[in-house]
Amino acid sequence: MANFTPVNGSSGNQSVRLVTSSSHNRYETVEMVFIATVTGSLSLVTVVGNILVMLSIKVNRQLQTVNNYFLFSLACADLIIGAFSMNLYTVYIIKGYWPLGAVVCDLWLALDYVVSNASVMNLLIISFDRYFCVTKPLTYPARRTTKMAGLMIAAAWVLSFVLWAPAILFWQFVVGKRTVPDNQCFIQFLSNPAVTFGTAIAAFYLPVVIMTVLYIHISLASRSRVHKHRPEGPKEKKAKTLAFLKSPLMKQSVKKPPPGEAAREELRNGKLEEAPPPALPPPPRPVADKDTSNESSSGSATQNTKERPATELSTTEATTPAMPAPPLQPRALNPASRWSKIQIVTKQTGNECVTAIEIVPATPAGMRPAANVARKFASIARNQVRKKRQMAARERKVTRTIFAILLAFILTWTPYNVMVLVNTFCQSCIPDTVWSIGYWLCYVNSTINPACYALCNATFKKTFRHLLLCQYRNIGTAR
């Protein structure tokens, strides 16, 4: 009967308790085949998935954004875990002992810790980057360049290497001897459960708290920005229009304009040419004509106005000349002008007038430039609405992706780190199989991440499909 002895091993950023046996055979043949099949499949899916992520960002320009460069770095870490860490740990589980020697053991542990810590650092960078994007939208994007992203990614990897690699590789030389048996593989300075728990606090619990707080702020700020930039509906536009018409743009007393004022009204638009006066006065009429304006007066009015106490603003009165004259021709607009006439809509309230202004075509000849101007303004408005909608869609897409990544990280890493906490106070409370499952869950996080990108980002999903189906011509158009 095998004699199992619990020992300490490694798991990502912490240590895991492994078992060894005197007979060097922990599982039956069927069990070993099953374990190798499952773990080998997970390793293959992890490698393929993260290669797809890296290729997608490389070949699709729509995915070449600062945020996705951070995901590229995270995919590199996940790829290393899938290609090396998963398979080496599977060998350790199936064999029941470490068969590859001390040098390979230390190299594996150093690689495992550095890569796992780099993954956590990348998650922190993604969270902080998104937090500053939504809380400082005017100042931070100017500094958020590709160069800055590269420096942050390099800092994450260098810091992870400095923190773990020298200590793992050279601790035995610092203390003067190697205390890890040849048939086992674990970090020598983490053999104390209290030290292991301290590393778990620094490497998992603290980052999780920081990322959770940041995500809450990101979510609240994103909702606020999306609501603020939401396109106005018809009711809101109508309400604003009515408010504008009711606002006192111009208040004035109703007075009779001085002589010659009406003659100058035609030039107030600034784009109408003053036509020469007619050679002969208008034809005689037996009585005076009256042209009453109820609620509007035009900027091209040429008659004198006369004060009237009724609700109409003015009454236009024409005198009766003595000699006939040819019919007046309509005044021509300047061909170079792109403006139309200005109509002043006026309402009288007591002794004051409330006036609003709107642009209307003066003549058929002026309708075309006015229509061009209107079309340009309409096009600008449509572009602004489209940009606001695109921005809101990007906000939701990035926020969903970050949420999925953080959720996957917390769900897969929490079981093992809870066991680390329990093991600090009770080293015999957790079965060896449970330790192994918790350890593997940390690795499974690297398998889940590419699925999170595809589920939360349609562009990633389409690019994955084009790459898998070898539809390379469609990759550049995937959105």
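Glycine residues also receive a Cβ, built from the backbone N, Cα and C atoms like all the rest.
Feature annotation from Swiss-Prot assigns topological domain 'Extracellular' to 1-31 (among others); the stated evidence is similarity to another entry.
Sequence annotations record features per position, and here Swiss-Prot assigns N-linked glycosylation site to Asn8 (among others) based on sequence analysis.
Under the heading N-linked glycosylation site, Swiss-Prot lists Asn13 (among others), citing sequence analysis as support.
Sequence annotations record features per position, and here Swiss-Prot assigns transmembrane segment to 32-54 (among others) based on similarity to another entry.
Here the transmembrane segment (69-89) has Cβ contacts under 8 Å with residues 39-40, 42-47, 49-51, 53-54, 57, 100, 108, 111-112, 115-116, 118-119, 122-123, 125-126, 129, 146, 149-150, 152-153, 156-157, 401, 405, 439-440, 443, 445-447, 449-450, 453 of the same chain, all six or more residues outside its ends. For 69-89 (among others), the entry in Swiss-Prot reads transmembrane segment, with the evidence type similarity to another entry.
Confidence annotation: the topological domain 'Extracellular' (90-106) carries a mean pLDDT of 93 in the model. Marked as topological domain 'Extracellular' by Swiss-Prot: 90-106 (among others).
Look at Swiss-Prot and you will find 107-128 (among others) tagged as transmembrane segment.
Residues annotated as transmembrane segment in Swiss-Prot, with similarity to another entry given as evidence: 149-171 (among others).
What Swiss-Prot lists as topological domain 'Extracellular' is 172-193 (among others), and the listing cites similarity to another entry.
According to Swiss-Prot, the transmembrane segment annotation covers 194-216 (among others).
Here Swiss-Prot flags 294-304 as compositional bias 'Polar residues'.
Long-range contacts of the transmembrane segment (402-422) within the same chain, counting only residues at least 6 positions beyond its ends with a Cβ under 8 Å from a Cβ of the stretch, are 11-12, 14-16, 74, 123, 126-127, 130, 196-197, 200, 204-205, 208, 211-212, 215, 218-219, 429-430, 434-435, 437-439, 441-442, 444-445, 448-449, 452, 455-456. Annotated transmembrane segment per Swiss-Prot: 402-422 (among others), in sequence order, evidence recorded as similarity to another entry.
According to Swiss-Prot, the feature topological domain 'Extracellular' maps to 423-436 (among others), an assignment based on similarity to another entry.
Residues annotated as transmembrane segment in Swiss-Prot, with similarity to another entry given as evidence: 437-456 (among others).
Non-local neighbours of the transmembrane segment (32-54) in the same chain are 71-72, 75-76, 78-79, 81-83, 86-87, 89-90, 93-94, 440, 443-444, 446-447, 449-451, 453, 460, 464, 467-468; each lies 6+ residues outside the stretch with a CB under 8 Å from one of its CB atoms.
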